[in-house]
Amino acid sequence: MINFMKYKLIYFLISLSVIGPGVFFLLTSGLKPSIDFTGGTLWEIRGEKEVESGTLKEVFAAQDLAAEVQSSGEKQFLIKTVPLEESQHVLLAEKLAEKAGEIEEIRYETLGPRLGAELLRKALLAVVLATAVILLYVAYRFKNLAYGAAAILAMLHDTLVLLGVFAILGFLFGVEVDTLFVTAVLTTLSFSVHDTIVVFDRIREIHRKTELSYEVVANQATEETLVRSLNNSLTIIFMLVALLILGGESLRTFTGALLVGTVTGTFSSTFNAVPLLAVWEKFSRQRSLRGILRLR
C-alpha cells in the first residue's frame with residue numbers, strides 16, 4: 001500500500017505555491033469584472049464583409065465611446081461598451097454597417113451599474129450560502145465536525161486557486177469575469193465536495209471495521225478511490241479542453257474556469273482534504289490522551 005500521507009507536507013506546499021501568487025494578484029489588481037457587474041452594453045453582431053476588430057473599434061472612438069471588440073466567429077464580433085442610448089444604438093449600427101456591410105444583430109443588451117452591483121451582491125451571497133449548507137451537510141452526514149471542516153478547507157483552496165488564476169489572467173490578458181464565472185465557481189465547489197465525500201465515506205467504512213490509525217485508514221481509502229477519481233476527472237477535462245478549443249469566445253471564460261476548477265478540485269479532494277482530516281484526528285487523539293493522563 002502506498003503511503004500517501006507520508007507526503008502531506010509536500011501536498012500542502014504545492015497548494016501554497018499555487019495559491020500564493022494568486023492571492024497576491026487578487027489583493028493588488030483584483031479580478032476584472034465584466035459589464036454583468038459594472039454595467040454597460042453587450043452587443044454581438046455579424047457582418048457581410050471581412051473586417052478587423054480594430055476597424056470596428058474606431059467607429060466607437062469616433063463617437064468618443066470606449067469599446068472592447070472581440071471576434072466571436074466568422075465575420076462575427078462581440079462588442080462591450082458603456083451603456084448606450086437608443087439614439088446612439090441606431091447611429092452606431094449605421095456606422096458599423098458602413099464598415100462591415102449589412103449587419104445582423106445577434107444580441108443586444110444593456111445593464112445599468114445598479115443592477116450590476118445587485119448581481120455581484122447576489123453572487124457573493126450564493127457562494128457563502130452554498131459553503132454554509134455544504135459544511136452543515138457534511139458534518140451531519142459523517143456525525144463529525146472534522147469532516148465538514150476538512151471539506152470546507154478544501155473548497156476554500158479551490159476557490160482561492162480559481163480566483164487567483166483569473167486575477168492573474170485579468171492582469172496579464174484582460175480576461176474578465178461575469179455571471180457565468182460565478183456559476184463555474186459554484187460548480188467547482190459542488191464537484192470538489194462530491195469527490196471529497198466519496199473518499200470520506202470510504203474512510204468511515206474502513207474505520208468502522210478496523211482499529212487501524214487514521215493515517216493508515218486514509219492511505220487505504222485514498223488508494224481505493226484515487227483511480228476512480230482520476231478517471232472521472234479526466235473524462236470531464238477532455239470534454240472541457242475540446243469545448244475550450246472549439247467553443248466560441250463567449251464560452252471561453254466559463255469553460256476555462258470549469259477546467260481550472262476540475263483540476264484543482266481533483267487535487268484538493270484527495271491531497272488536501274484527506275491529509276487535513278488525518279492531521280485533525282491525530283491531534284484530537286493526542287489531546288484526548290493527554291487529558292486522560294492528567295486525570296490519572
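Glycine too: its Cβ is placed from the backbone N, Cα and C atoms.
All annotation found in TrEMBL is predicted automatically rather than curated by experts.
Quick look at what TrEMBL lists:
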- 95-281: domain 'Protein export membrane protein SecD/SecF C-terminal' (DOMAIN)
- 9-27: transmembrane segment (TRANSMEM)
- 123-140: transmembrane segment (TRANSMEM)
- 147-173: transmembrane segment (TRANSMEM)
- 179-200: transmembrane segment (TRANSMEM)
- 230-248: transmembrane segment (TRANSMEM)
- 254-280: transmembrane segment (TRANSMEM)
How about long-range neighbours of the transmembrane segment (254-280): same chain, 6 or more residues beyond its ends, C-beta under 8 Å?
4-5, 8, 11-12, 14-15, 18, 146-147, 149-151, 153-155, 157-158, 161-162, 165-166, 169, 175, 180-181, 183-185, 187-188, 191-193, 195-196, 198-200, 203, 214-215, 218, 221-222, 225-226, 229-230, 233, 236-237, 240-241, 243-244, 247
Do any residues, 6 or more residues outside the transmembrane segment (147-173), come within under 8 Å Cβ-to-Cβ of it, and if so which ones?
15, 18-19, 21-23, 25-26, 29-32, 127, 131, 134-139, 141, 181, 184-185, 188-189, 192-193, 196-197, 200, 253, 256-257, 260-261, 264-265, 268-269, 272-274, 276-277, 280
For the transmembrane segment (230-248), give me same-chain residues lying six or more residues beyond its boundaries with a C-beta closer than 8 angstroms to one of its C-beta atoms, as numbers and ranges.
72-73, 191, 195, 255-256, 258-259, 262-263, 265-266
Please indicate, using numbers and ranges, the residues of the same chain that are 6 or more beyond the transmembrane segment (9-27) and have a C-beta under 8 Å from a C-beta there.
157, 160-161, 163-165, 167-168, 171, 264, 267-268, 271-272, 275
